[in-house]
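Engineer: I'd like to ask you about the structure that follows.
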Amino acid sequence: MTRDTSPQLQYLSGFGNEFASEALPGALPVGQNSPQKAPYGLYAELLSGTAFTMTRSELRRTWLYRIRPSALHPRFERLERQPLTGALGAITPNRLRWSPQPMPAEPTDFIEGWLPMVANSASEKPAGVSIYIYRANRSMERVFFNADGELLLVPEQGRLRIATELGVLEVEPLEIAVIPRGMKFRVELLDDQARGYIAENHGAPLRIPDLGPIGSNGLANPRDFLTPVAHYEETSGPVQLVQKFLGEHWACELQHSPLDVVAWHGSNVPYKYDLRRFNTIGTVSFDHPDPSIFTVLTSPTSVHGMANMDFVIFPPRWMVAENTFRPPWFHRNLMNEFMGLIQGAYDAKAEGFLPGGASLHGVMSAHGPDAETCDKAISVDLAPHKIDNTMAFMFETSQVLRPSRQALESPQLQADYDSCWATLPSTFNPNRR
């Protein structure tokens, strides 16, 4: 069972909807988007998340009715303190795994605490993904937007309050949040410190996958995605606005809060989703199905069925397959797999893969259950059992993921990762079937 939505905040339910919300009655114009004089003396502004001529089913855009237009800002200047560079490290085909990254010792807000892990695209390209681990121990006092891509946040420790232009989201571990490219927001900590994962999607916006023969229900159901209601800040005084542009941080100083949208309508919206609401699909006969049945969100490419990025989870579930090796099978994959763990243990790894940690299996890197897991799975008396108190996830992408220089030099990189398979025995006997 899952908990009820927090009563402190209101949300709009659904995925891909044309939403509408207003913090003041009558703030939304009726029958048009850009009237000569908008209600309450507001400015009309369009935020486009896709090209104008995309098909309607894929179009993402939102009209904002705000106290001051976003164009009201001075020149952006490059910040002296830059994020850790996402420069890619040496090419390696090896399987990699990292222990959890430590929390920062110095005061660090959300945008200061990104550690680049892997990437497969330069920020200026409209495809690919960059993956980070974030760590923070103080709330943001500034506002941020990312011109380089859509952000998928996966908290592992610490609750976050995310104040966006369209309203406020609160997320905790086992929930995720998605922030559209270019949307301004501020992250406040609801606990002393926070850590988690970020997928920066440079490609097509994320959407829920088609269900095919599963039917009209299952996996992540649209009604469980929650978008905030309109909420605005009317303040005066200096506010730093930071943008990430081609991997660099640039900033300007405003004399007002840029989170001043009084009303809005459209489909280019931030949202949250509770992973505990995922309707898991699995076999009720034999064999382990392909992990695509665990897809929560996908960013497609022009090649049908091949994703720019998939977000896949491995949630609590019953294992009932008969006469079956039940862990995820040994695999060599065309896709590239970056995995993280939010809580518990992953059923293919008995040890070494910890909450807050990560692993990378690149294209055609052989992987699968470790020796201990394999031995148990082969010899166990099969009976229905539940994998519980766990939540692993995977960012899977069709382009090769290369680790960053920081990730390769990190003390948390496990030098002995390959050893988890080293004791797999040969049990072949040509005289015994």
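Glycine is no exception: its Cβ is also placed from the backbone N, Cα and C atoms.
Got these off Swiss-Prot a minute ago, pasting:
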type     : residues               : note
ACT_SITE : His288                 : active site, proton acceptor
BINDING  : His331, Glu337, His367 : Fe cation binding site
BINDING  : Tyr346, His367         : homogentisate binding site
Engineer: Between Glu337 (Fe cation binding site) and Tyr346 (homogentisate binding site), what C-alpha distance do you get in Å?
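Structural biologist: That separation, Cα to Cα, works out to 15 Å.
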Engineer: Find, among the recorded positions listed as His288, His331, His367, the one whose Cβ has the highest number of other Cβ atoms within 10 Å in the structure shown.
Structural biologist: His367
Engineer: Suppose the Fe cation site is His331, Glu337, His367. Which further residues of the same chain have a Cβ inside 8 angstroms of that site's Cβ centroid?
Structural biologist: Pro328, Arg332, Asn333, His361, Ser365, Ala366, Gly368
Engineer: Rank the binding-site residues Glu337, Tyr346 by the number of other Cβ atoms within 10 Å of each Cβ and report the first-ranked residue.
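Structural biologist: The residue with the most neighbouring Cβ atoms within 10 Å is Tyr346.
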Engineer: Just the number: how many Å between the Cα atoms of His331 (Fe cation binding site) and the residue listed as 'active site, proton acceptor'?
Structural biologist: 12
Engineer: List the Cα distance (Å, whole number) between His288 (active site, proton acceptor) and His367 (Fe cation binding site).
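Structural biologist: Rounded to the nearest whole number, the Cα-Cα distance is 16 Å.
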Engineer: Taking the Cα atoms as reference points, how far is His367 (Fe cation binding site) from Tyr346 (homogentisate binding site) in Å?
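Structural biologist: Cα of His367 (Fe cation binding site) to Cα of Tyr346 (homogentisate binding site) measures 14 Å after rounding.
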